[in-house]
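J.: To start, I am sharing the structure in question, which I have written as structure tokens.
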Amino acid sequence: MEPNLCFPPLFLTLFLFLFSFPVIISFDVSSTISSTNENSTSETQIYIVRVQPPPNNSYPQDLTSWYESFLPPNLDPKSARSQIIHSYSEAIIGFAAELTSDAINYMKKKEGFLRAFPDEVLPLLTTHTPDFLGLHSGNEAWHNSHMGKGTIVGLLDSGVWPGHPSFDDSGIPSPPSRWKGSCHFDKLACNKKLIGAKSILLGGRNNESPIDNVGHGTHTASTAAGNFVQNANVLGCGNGTAVGMAPKAHLAIYKVCESWGCSRSDVLAGIDEAIKDGVDVLSISLGGASVPFYEDTIAIGAYSAIQKGIFVSCSAGNSGPSSSSIANDAPWILTVGASTMDRKFRAAVKLGDGQEFLGESLFQLKNLSTTTVVYPGSCMYNFSYPVKGKIVVCDISDGIVASGNLVKQSGGVGMILINQENNGFTTLANLHQLPASHVDYADGISIKKYIKQSKNATASITFEGTSLGNSPAPTIAFFSSRGPSKQTNGILKPDIVGPGVNVLAAWPHEVGPNSKNQNNKTFNVISGTSMSAPHLSGVAALIKSMHPNWSPAAIKSAIMTTADVVDHEGKPIMDEKLQNASFFSMGAGHVNPIKAVDPGLVYDIQENEYIGLLCALGYTDAEVEIITQKKILCEKERKVDDVELNYPSITVSTAIYDHIFVNRTVTNVGKPNTKYTGKVVVPKGVSATVSPKVLEFSEVDETQSFTVSLKWPPNTTAVGSLTWISNEHIVRSPIVIF
């Protein structure tokens, strides 16, 4: 397809945007989160305190008084109330407060106290993506789901820019009567699209508006459920109609993050508010390292949310391609990895010997004619290599934006940004401040070889605009975090992948150098699993709109069992090195919204199964109670090993088993009087059967159970699939033996 050329103003230089991978952000949160180190007994620090419900269960009216009863008795009521930052009622029973270690020691002796842990900071982890995913006007998925009409998508992020046309309410109905939230903007800022906005930062102590001064929250909100905006582009690139996955859904925004990150106590408070307000879907594009679920505030809050029927979609993290780098890996969360799409913002590099390489740049300046090209070996600070008037080759590990700054400050006229081996073939379109092109690892090797072997190496950079239909696509982004989960390696994580590279969506201000003005119709292109999660949140809203009574587990199953494992050319999905992607990088596969709204069968999960899993993980009764908010005696619970959870995938560790019988139950959500035939595909040497081989359903919502038998020789690593096939549906579950 003929590319669309981008024509930005030639005077533009650089706009540094935060939270797009792989820009690294450092921040000082000492004044916000803690005023001292943990060894001090007299200075305060913010703690999240978990307690049991009050004995008479008369909350929420008596909750604050109940929480105050845990504080040291030398505090007067006014002082005690001022120490409590968040008083939780839905996500957990507990509170966040500024406390000394002495106060914590005092509370530990109080009946009803469960646990206290210090607050931490979590990092914040389009025009083309709906079309790439098959969503367009007249499409059955959009038509039958009414584009998400009647659903409420809540986002925990950096706020929102309310005046952006992506949040215009043209064609949007009034919010459903179950909506109990509020708008902390003036009355004109919120509307039928943007129905709620709250700032949760530090319990609202700073009286901050939910306005988004960062951009991240505006971007993710419009990705999930932005309305149609014509002629959307970034500096002339990617021109088209911008629209979210569920354009008729409502949005509720909870500002829990600033440029320095997001405190766990604020995140938990945001979940608490979202549950009270009545959202249907929660989209969370932030997270930290994998920790036991009773220490993971997102996992704890999400558990409470799903018990209220709220679907939770979270970013998998940007720590790939390292193994077991996955974040937000609780089995009740949809964990979303990042993939590429077929759109490129082309910046071609031509070397003096005629070799040409297609890289990417969002900032499409005037073409840079042939000039000397050098490779200093590094583009780090204290840069002293003579580069004046030259094109400079920089390794991506040195930083994307920082490298461009340094090259320009040193007199360089252009930059070629080269991937390291781990980055593979994933390239990012960034707003550079000088003519630049980001090329993949293989092309980088060729460029470096040419420079090394040439006495007078030269290069030019030509900007070719927006190009669609590139292959292979999708592929797994290099930064997308990988499984297996450190907590439950018998449950496949990530669950799914969706678009997360070079995603165009709403932005609160103009982009480009010297462009700090707020603007009500600006967009930006950024990358990360932060961009993937709201795509899936929007897809979940479409499913919820069509099937309002489905549980979060059923919606997750619909997304996973209909996922694509081949790209848009019918070839296996590849990773960043253009090798076949593992299930620990892509989960069940790449989201297919068209199929997800009509999956045929679903794997549902009841709360007692989650409780059995938590007990099987070896958690104490108190640790399970922290998650479930219920008195649990694990000795009386039926324990459920992770591989036995009724999950839409089968993952088995050879370190634990040499053969296994896996039981699953499916629910018919298609038509009555339907027959499904089972098919198991595994590599040679692995024995696999399914019994029974045929499932017959006479009614909708009828359930049937089956058993998969797996046996393998020692030291086996294998992948396969279990597929249930009817005349109308293909219900696929990956099988992973590792």
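Each Cβ is built from the backbone N, Cα and C atoms, and glycine gets one as well.
The signal peptide annotation in TrEMBL covers 1-26. TrEMBL lists 148-587 with the feature domain 'Peptidase S8/S53'. According to TrEMBL, the active site, charge relay system annotation covers D157, H216, S530. Annotated domain 'Subtilisin-like protease fibronectin type-III' per TrEMBL: 644-737, in sequence order.
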J.: What mean pLDDT score does the domain 'Peptidase S8/S53' (148-587) have in the model?
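T.: The predicted confidence over the domain 'Peptidase S8/S53' (148-587), as a mean pLDDT, is 94.
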J.: How long is the line from the C-alpha of S530 (active site, charge relay system) to the C-alpha of D157 (active site, charge relay system), rounded to the nearest angstrom?
T.: 10
J.: Reported as an integer number of Å, what is the Cα distance between D157 (active site, charge relay system) and H216 (active site, charge relay system)?
T.: 7
J.: At a 10 Å cut-off from the C-beta of S530 (active site, charge relay system), count the other C-beta atoms across all protein chains.
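T.: There are 32 of them.
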J.: Where does H216 (active site, charge relay system) sit by DSSP, helix, strand or coil?
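T.: Assignment for H216 (active site, charge relay system) reads helix.
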J.: Let me check the 10 A CB neighbour count of H216 (active site, charge relay system). How many other CB atoms are there?
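T.: H216 (active site, charge relay system): 28 neighbouring Cβ atoms within 10 Å.
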